[in-house]
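*Asks:* Sending over a structure as structure tokens; questions will come in a sec.
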Amino acid sequence: MKFREFAEFCAILERVSSTLEMTGRIASFLRRIEDDDDLYNVVHFLMGRVFPPWDERELGVGIGLVCKALENVSGVSKEKIESMIKDYGDLGLVAERLLKGRGIKSLFAEELTIKRVREIFDEIASLEGEGSQKRKILLLTGLYGSASPIEARYLTRLILGEMRLGVGEGIMRDAIARAWGVDAELVERAYMIVNDLGRVAIIAKNEGKEGLKNVKIQLHIPVKMMLAQVAESIEQALREMKTIAVEWKYDGSRVQVHYGNGKVTIYSRRLENVTKALPEIVEEIKKCVKEGVILDGEVIAVKDGKPMPFQEVLRRFRRKHEITKAMEKIPLEAYFFDILYNDGEVIDLPLKERRKILESVIKESKIIKIAKQVVTNKKEEIERVFKEALDAGHEGAMLKNPNSPYTPGKRGRHWLKLKEVMETLDLVVVGGEWGEGRRSHLISSFELACLDPRTGKLLRIGQVGTGFTDEDLEELTELFKPLIVKEEGKKVYFKPKIVFEVAYQEIQKSPKYESGFALRFPRFVRLRDDKGVEDADTIDRVRELYEKQFARAKS
């Protein structure tokens, strides 16, 4: 497929506001694509991705490199390009304008195709070390040299991971279902297992309903993790489940461990490959765990027998250099509470059966452990385990239905989390403001948004400026600087990538924000870089919390 055809379709989509119309148009477009590789890439490109979320590769290209390539192609100075970015607020539109001013492109320029663009992206992602930046600029310059103005707009947005089309996973799932006349739930189930909508689209196209039904878990391809809802009370949980498997809710970071074919792969909650950052866990898994399994668990940082703050675990996950030093400074332990695969899928077995299998495949050691579990129908026993976990420095307790299957990616009522702290929301940071006085060099307040799962759009819900130390703000400012896409006076806008956990006093109705809600007295709790934008709390969750709060106020 020609990249121009893709770009022209994106331009049409950009003018569509109806979710239903957008889904239909995408379905029709996908159905026209004959080549499987093109189909795979188009699915990801429309969502602003080059690689599936769990793929280790990334382009490593920021605004600076794109500007340099555009300078090379257009002859316009870097300063002028930066000025245009401020005026347009979108480097994609700037690229389109620059290439319109370039005149006729070279007769020797290669026509861009989806395949060619992907090949160049693969090459860019493979570059590292000395000279890699120059080589990236050269490859980008070649891309722009072959691009028409409209291709440049969407090429730029794709490189920066922000297509501005509003095509989220929900719309793409429904479009795939409509394109080949299969049930959206089948598409969803397959996606939860293979974590790659491009691959799911190919299966739907070539094998239809039966192919999607037969999708199986595979070693070293991450599976969406089962999620929990908040428990209203122990009494309510007992009414629903009768008998409950109670476990500690560890204050750590979720991991999924795959061990097979002599290899250990560890994925984070966001399904990022963090294997290299956790060498001691990898080595201990090889000693203590039977091969041919996929385990679900939590990694915690421990010092003097007590858990260290959750952020310390994330620092280990992010570490790329001096890992040995980090191992000494932040020692880790892994607690496993579920198993998805044991020489074949076991997710449809009840939890009580999976627990027996889990206990049979792990030989506990100093750092590899099985999460403690108590099965009871007594409120007092649940309270005892809950208090035990809190006294040990953890978050609370997990209440699980012993007869439940493992449902990848689902946040159902089979798992409930019991926490002592007030309700919090995980929200995407979409903007901020520079501080004043001694904080004038720091971004000191942050604009927050929840996710609309149907459209993939982010809906603003408020701003948080409390709960931060000066050290927090220094670290966060450095984290957000590369994500700034636009500045207006003191106000900055970010590429949406970072999630904050935020506490609040209450949720109020508000016409000020697109969500229709606002947080009263929001307070920063912690950075959730174990979560991606797609894991943020949804507008449905906000509405549910508001209605519960409203019902309590009336009673």
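Cβ coordinates are placed from backbone N, Cα and C, and glycine is handled just like the others.
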*Asks:* Which residue of ARG269, ARG270 does TrEMBL report at the same ATP site as GLU247, ARG254, GLU298, PHE337, ARG411, LYS417?
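*Replies:* Same ATP site in TrEMBL: ARG269.
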*Asks:* Per the record, ATP is bound by GLU247, ARG254, ARG269, GLU298, PHE337, ARG411, LYS417: how many Å separate the farthest pair of Cα atoms?
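*Replies:* The ATP-binding residues span at most 19 Å between Cα atoms.
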*Asks:* Would you mind sorting out which of ARG269, GLU298, ARG411, LYS417 (the binding-site residues) have a C-alpha within 10 A of the one on LYS249 (active site, N6-AMP-lysine intermediate)?
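*Replies:* Near LYS249 (active site, N6-AMP-lysine intermediate), where near means Cα within 10 Å, the binding-site residues are GLU298, LYS417.
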*Asks:* Within 10 Å of the Cβ of ARG254 (ATP binding site), how many other Cβ atoms can be counted across all chains shown?
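*Replies:* There are 18 of them.
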*Asks:* Only counting partners 6 or more residues apart, tell me which same-chain residues put their Cβ under 8 Å from the Cβ of PHE337 (ATP binding site).
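*Replies:* Set apart from PHE337 (ATP binding site) by at least 6 residues yet with Cβ under 8 Å, we have GLU247, ASP296, GLY297, GLU298, LEU358, ILE370, ALA371, GLN373, MET398.
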*Asks:* Going by DSSP, give the three-state secondary structure for GLU298 (ATP binding site).
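*Replies:* Going by the DSSP assignment, GLU298 (ATP binding site) falls within a strand, counted as strand.
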*Asks:* I'd like to know which of the binding-site residues ARG269, LYS417 has the most other Cβ atoms within 10 Å of its Cβ.
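*Replies:* Its Cβ has the most other Cβ atoms within 10 Å: ARG269.
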